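Student: Just dropping this structure here.
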Amino acid sequence: MVPRLTVILFLTLHLLPGMKSSMVNLINNGYDGIVIAINPSVPEDEKLIQNIKEMVTEASTYLFHATKRRVYFRNVSILIPMTWKSKSEYLMPKQESYDQAEVIVANPYLKHGDDPYTLQYGRCGEKGQYIHFTPNFLLTNNLPIYGSRGRAFVHEWAHLRWGIFDEYNGDQPFYISRRNTIEATRCSTHITGTNVIVKCQGGSCITRPCRRDSQTGLYEAKCTFIPEKSQTARESIMFMQSLHSVTEFCTEKTHNVEAPNLQNKMCNGKSTWDVIMNSTDFQNTSPMTEMNPPTQPTFSLLKSKQRVVCLVLDKSGSMSSEDRLFRMNQAAELFLIQIIEKGSLVGMVTFDSVAEIRNNLTKITDDNVYENITANLPQEANGGTSICRGLKAGFQAIIQSQQSTSGSEIILLTDGEDNEIHSCIEEVKQSGVIIHTIALGPSAAKELETLSDMTGGHRFYANKDINGLTNAFSRISSRSGSITQQTIQLESKALAITEKKWVNGTVPVDSTIGNDTFFVVTWTIKKPEILLQDPKGKKYKTSDFKEDKLNIHSARLRIPGIAETGTWTYSLLNNHASPQILTVTVTTRARSPTTPPVTATAHMSQNTAHYPSPVIVYAQVSQGFLPVLGINVTAIIETEDGHQVTLELWDNGAGADTVKNDGIYSRYFTDYRGNGRYSLKVHAEARNNTARLSLRQPQNKALYIPGYIENGKIILNPPRPEVKDDLAKAEIEDFSRLTSGGSFTVSGAPPGNHPSVLPPNKIIDLEAKFKEDHIQLSWTAPANVLDKGKANSYIIRISKSFLDLQKDFDNATLVNTSSLKPKEAGSDENFEFKPEPFRIENGTNFYIAVQAINEANLTSEVSNIAQAIKFIPMPEDSVPALGTKISAINLAIFALAMILSIV
């Protein structure tokens, strides 16, 4: 038997929280700190707030009983946008913000329906990103479609908080069980119903029983499961929480391990309740003695305020080395001129061993204000490092301007150590301020991340990457949810150019952007000659670029009005007698407040990595809430010593990627080079008209119920709304986006280059089908180490028993794979074999699974289990019109290929 590597080490790491900050705490069985944020584009409506309160109140009781008296909602904040009128009952927010909220209320993009869903793309047990409710869902009666709003909220909360998945499958609504019966994909199998085809015309609908497809053995396309309204089954909330009888999650006893749903695929066939009980929330939480929640939730109404930002910049002696002061000033100038939105209040503090307020808060109204603030950037570096004095001066600059520190932001940049940071931790906690930290160089204080993590701020690290600071400042954009206030970075490139040489480049500007567009060039020795040409041939020269007045070696051009759509071309000439480094940075904003731009965001799966366990790089590329597909996404990770690792990210539903074609691009990272801070940036690029939008409904959502059977009669709900917007286009233009993913910290790694020694990733997309008397298999190739390189060999086993293969893979019949040579990770694998020594007859049912082995003789987890049934299709006119009760259909003579993502 091939030895296996115990994978508990890195699977445990996946259960740690990801990069998104959350202020939610579970204390004495009650959840505190939940934020429900309303998007600024949502019209003011008092009923919306009232319905949110009613939803959460109902959800609290439902959650309490569903978790067997373990948890309930105690304190919830509703964040109201600045676009709404002020009221006396509205309080000032602290660290609460739209971009960090657990729940957002926002309109769908392209009228794509009102299904509540959770953005969730991590592994089993990992928290999701946010829950999305539309105003229409909260304001209209959707009781027949989703059940009550409170129940739908609990369904989504389970996705968000505990990392469990849906127990239905819209793509594969039926499967053939090991008893050779057609079953609806559901949990539990005790939920009863009827299968029908629904046909609607002219406002009326009729139904007929489903027929079996003579080629697959399953029901025909568009066959729909209609549940009985009156049920006795109590499970499961992750299938159909709308049923009155459903009040629990599926347990080990009631779980349907055969169902081809995402819960089985992602959680190795574990029940939802088993995953919930293994969460950190429940490990030290005992059931309460009360039969009902102790209290109803308490709500705080918070109204967003205008943005308040204070720069707290290090000018200690160490900042004079490696051009750090220059680089800091270049990046800070870019932030002040190009990133911070107009109407914001901005202040500046510098510090060494003492601190000085350079600017009290000043409202950004025009270019003169920008110039007045940037004129105070520090020109000399000397003295020691006192971070606490810098922070306290930042608080003072805010308070002296009659503003509250609550909800204000501080951008703290330093390259030095400070042993006294602990002395102001409590003051930082009480201030309510949000601190974004930028560590410059390997000696920056190790406590910086504590400040950003505890206040809900971003964390960044910059070292050898000359654009690292610029990328960090560019990422600190508005947190309000308004698309017009977001700065979008199109280019950030550093170019080492020899003397008297030209370098050329292109930047695509697509039709979703173009407002407030800047081209910025920096240099290390002498200003280069600059040529820039727009898509219509208009040229801009060096004289058009405005040089800064601070001698920080930067020049910028602001494109008047809206930048032309198409490809912009730039050329730079190093006219100095020596080589120098030139940088090009391009930023812009949305073209229209009604059309969301294409955006890219990135983060690591956790803030702290422990060698040799892997971490996952995630990048989300979307337009509004629609995924963008078919593009090249590249991650660049810089280690503490300045070494760069480049990874191509994939959206192929294999390896680190949970779901194919969901706009989430991901990859494992294992190339560790010592301990310390690592930084992440991601470049997303669409060229040659390859990009397209996905108009599919999102994953991880409350099921849209087509109707119910009541007293023997089918009562249909309105059909799910289709995308009807004339602007909905599957194809989108070429574009370029660059974003910083912040930083993460590595521990336990030896010095030098020591990539993790780990097994290949688990295969999760194995498919099988019969071709005459052979079985054809297909899957996505894993790698030598997770998803990097290629595996050494495969183990394929086959059984007639699903449970035997699942529980005792090593003793199932081995398939001869001597002719099978693994391909590079991410490639399509295909293999055909004759299932010997089994006798093959009509109705013979096989289950197959695969393991991959790497060159270190480490084996992957067992793949999902694929099913193949041998059958001879019946003549079309002999196929009976079946489809009444789900449990009554025997398929002994049918065969199909299907994925049962079980293990």
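Cβ from N, Cα, C; glycine included.
What Swiss-Prot records for this protein is below:
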{"type": "ACT_SITE", "residues": "Glu156", "note": "active site"}
{"type": "BINDING", "residues": "His155, His159, Asp166", "note": "Zn(2+) binding site"}
{"type": "DOMAIN", "residues": "308-476", "note": "domain 'VWFA'"}
{"type": "CARBOHYD", "residues": "Asn360", "note": "N-linked glycosylation site"}
{"type": "CARBOHYD", "residues": "Asn372", "note": "N-linked glycosylation site"}
{"type": "CARBOHYD", "residues": "Asn504", "note": "N-linked glycosylation site"}
{"type": "CARBOHYD", "residues": "Asn842", "note": "N-linked glycosylation site"}
{"type": "REGION", "residues": "45-199", "note": "region 'Metalloprotease domain'"}
{"type": "SIGNAL", "residues": "1-21", "note": "signal peptide"}
{"type": "TRANSMEM", "residues": "883-903", "note": "transmembrane segment"}
Student: Can you tell me the CA-to-CA distance separating Asn842 (N-linked glycosylation site) and Asp166 (Zn(2+) binding site), as a whole number of Å?
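Tutor: Here the two Cα atoms lie 34 Å apart.
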Student: So how many other Cβ atoms are close to Asn360 (N-linked glycosylation site), meaning within 10 Å of its Cβ?
Tutor: 19
Student: Quick one: what's DSSP say for Asp166 (Zn(2+) binding site), helix, strand or coil?
Tutor: coil
Student: Over the domain 'VWFA' (308-476), what is the model's mean pLDDT?
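Tutor: A mean pLDDT of 94 is what the model gives the domain 'VWFA' (308-476).
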Student: Looking only at C-alpha atoms, tell me how far His155 (Zn(2+) binding site) is from Asn360 (N-linked glycosylation site), rounded to the nearest Å.
Tutor: 47
Student: Over all shown protein chains, what is the count of other CB atoms within 10 A of the CB belonging to Asp166 (Zn(2+) binding site)?
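Tutor: There are 26 such Cβ atoms around Asp166 (Zn(2+) binding site).
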Student: Given His159 (Zn(2+) binding site) and Asn360 (N-linked glycosylation site), what distance in Å do their CA atoms have, once rounded to a whole number?
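Tutor: If we compare the Cα positions of His159 (Zn(2+) binding site) and Asn360 (N-linked glycosylation site), the gap is 44 Å.
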Student: When you tally the Cβ atoms that lie within 10 Å of each candidate's Cβ, which of the binding-site residues (His155, His159) has the highest tally?
Tutor: His155
Student: Within 8 Å of the Cβ centroid of the Zn(2+) site residues His155, His159, Asp166, which other residues of the same chain have their Cβ?
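Tutor: Same chain, not in His155, His159, Asp166, Cβ within 8 Å: Thr118, Glu156, Ala158, Ile164, Phe165, Ile237, Met238, Asn700, Lys701, Ala702.
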Student: Of the recorded positions Glu156, Asp166, Asn360, Asn504, which one sits closest to Asn372 (N-linked glycosylation site) when you measure Cα to Cα?
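Tutor: That would be Asn360, the closest of Glu156, Asp166, Asn360, Asn504 to Asn372 (N-linked glycosylation site).
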Student: Using DSSP and three states only, what is Asn504 (N-linked glycosylation site)?
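Tutor: The residue in question, Asn504 (N-linked glycosylation site), is strand (DSSP, three-state).
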